[in-house]
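One structure is given below, encoded as structure tokens.
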Amino acid sequence: QPLQKDYDDLCSLPDLNEKTLLENLRNRFKQEKIYTYVGSILIVINPFKFLPIYNPKYVKMYDNHQLGKLEPHIYAVADVAYHAMLQRRKNQCIVISGESGSGKTQSTNFLIHHLTA
């Protein structure tokens, strides 16, 4: 039975298994929602096109907010790491992993864009 809605955090799926996980990611991707959380982990599906979600409006929207309060976004991860660094006065690390062509370099560019903004 197909999912009735999409979940922005896979931990919220009522029935968590490989089929529902992949179906949720597919449904979100079809709606151009390329970001999905798994708790504090961000899954990104490369759309292989530019989406209008990387402008100053989004930088401001994700500034100083809690993870999970807004739609998943790479800016949210960057912002949480930045504020954790300021509050804890300790270095932070963001791991970006994926296959060749998955968009790691572009994701890094978006992270740096948000941090420098």
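Heads up, the Cβ atoms here are built off N, Cα and C, so glycines get one too.
The stretch that TrEMBL tags with transmembrane segment, taken from the ranges 34-51, 52-69, is 34-51.
Taking Cβ-Cβ distances under 8 Å and a sequence separation of 6 or more, the neighbours of Gly103 (ATP binding site) in its chain are Val44, Asn46. Helix first, then strand, then coil: DSSP counts for the domain 'Myosin motor' (5-117) stand at 50 helix, 9 strand, 54 coil.
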